[in-house]
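In TrEMBL this protein carries:
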{"type": "DOMAIN", "residues": "72-276", "note": "domain 'ABC transmembrane type-1'"}
{"type": "TRANSMEM", "residues": "12-32", "note": "transmembrane segment"}
{"type": "TRANSMEM", "residues": "76-96", "note": "transmembrane segment"}
{"type": "TRANSMEM", "residues": "108-129", "note": "transmembrane segment"}
{"type": "TRANSMEM", "residues": "135-155", "note": "transmembrane segment"}
{"type": "TRANSMEM", "residues": "192-215", "note": "transmembrane segment"}
{"type": "TRANSMEM", "residues": "257-276", "note": "transmembrane segment"}
Amino acid sequence: MTKGKLQFGDVVNYIVLTLISLTMLFPFFYVFSVSLTDPDTYVQGEFLLIPKDFSLDAYKFVLGTGQLWNSLQSTVFITVVGTVLNLFFTMTFAYVLTKNGMPGWKFFTYMVLLILFFNAGLVPSYLLIKELGLMNSLWALILPGLTNPWALFVVRSFYKSIPGSLEEAAYIDGANDLQIFQKVILPLSKPIMAAFSLFFAVGLWNTYLSGIFYIQDPQKWPLQVFLSQMIIESNTSMGSSINFDEFNRVPPPSETIKMASLVLVMLPILVVYPFLQKHFAKGVLLGSVKG
């Protein structure tokens with residue numbers, strides 16, 4: 001192909017990829033547009049992709065619910081604490097799994113493989129959480145997921161791709177395993193740590209089913225559970241789980257509330273993602289270099 005000239009096939013590829021991109025962006029644009037549409041306009045069926053009558057009523061309704069801030073606090077706690085603990089246990093345990101000469105190394109490796117392919121199931125997990133006294137506690141949404149077997153093997157593969165000469169040089173200089181891990185391994189692991197921080201944070205931020213099973217107190221509901229319940233009750237007869245007494249007006253249509261809720265849920269991740277994007281793909285690829 002002549003440099004600087006586009007061939008017919010390139011033009012077709014650009015057009016197809018552009019159409020695919022627009023198709024993928026359309027749901028986001030639709031959600032954002034509906035959330036900003038005037039409730040009366042939406043009810044009358046006059047909705048357009050570009051809001052005809054701009055309104056923030058749906059956002060005022062959602063953000064004006066006092067219980068929302070309790071749920072947001074719970075979700076922020078789950079996300080921040082859970083991400084830090086997940087990252088700590090993943091990075092340290094994966095490093096231990098690289099030490100083939102460690103007593104019990106095969107046992108721990110097989111145990112991780114076991115939980116990678118087999119799940120205990122919902123009922124045993126529920127009974128275990130209940131016996132541990134973690135029902136209605138936010139720790140029930142954090143502790144069960146501290147060891148992600150897939151993440152362990154990816155990070156373990158990354159550790160094995162690090163030249164062994166680096167560790168040998170550190171041993172010669174008098175460093176022990178803990179010092180090597182802190183001063184040599186972790187500084188080299190920043191890309192993969194950034195990638196898995198995003199993986200863990202997104203998963204914890206979107207906690208839903210666990211919140212339904214283990215949290216009965218509405219004041220402790222994760223954000224996803226609260227918003228889901230609010231959408232259901234705003235479309236029915238205002239159940240007792242959520243306090244809507246502060247509203248002295250008819251709520252906006254449930255569809256606009258739903259879309260405003262989706263925007264509020266997506267916004268934090270969309271804000272954080274650009275800062276980790278440069279490490280995201282690189283971090284995942286690093287873990288697939290060597291098995």
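The backbone N, Cα and C atoms fix where each Cβ goes, and this holds for glycine too.
Quantities reported herein were computed from a predicted structural model and do not represent experimental measurements.
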Tertiary contacts of the transmembrane segment (76-96) (same chain, 6+ residues out, Cβ under 8 Å): 102, 108, 138, 141-142, 145-148, 151-153, 155-156, 159, 181, 185-186, 189, 193, 196-197, 200-201, 204-205, 207, 222
Remote residues contacting the transmembrane segment (257-276) - C-beta distance under 8 A, at least 6 residues beyond either end: 28, 31-32, 34-35, 58-59, 61-63, 194-195, 197-198, 201-202, 205-206, 223-224, 227, 230-231, 234, 251
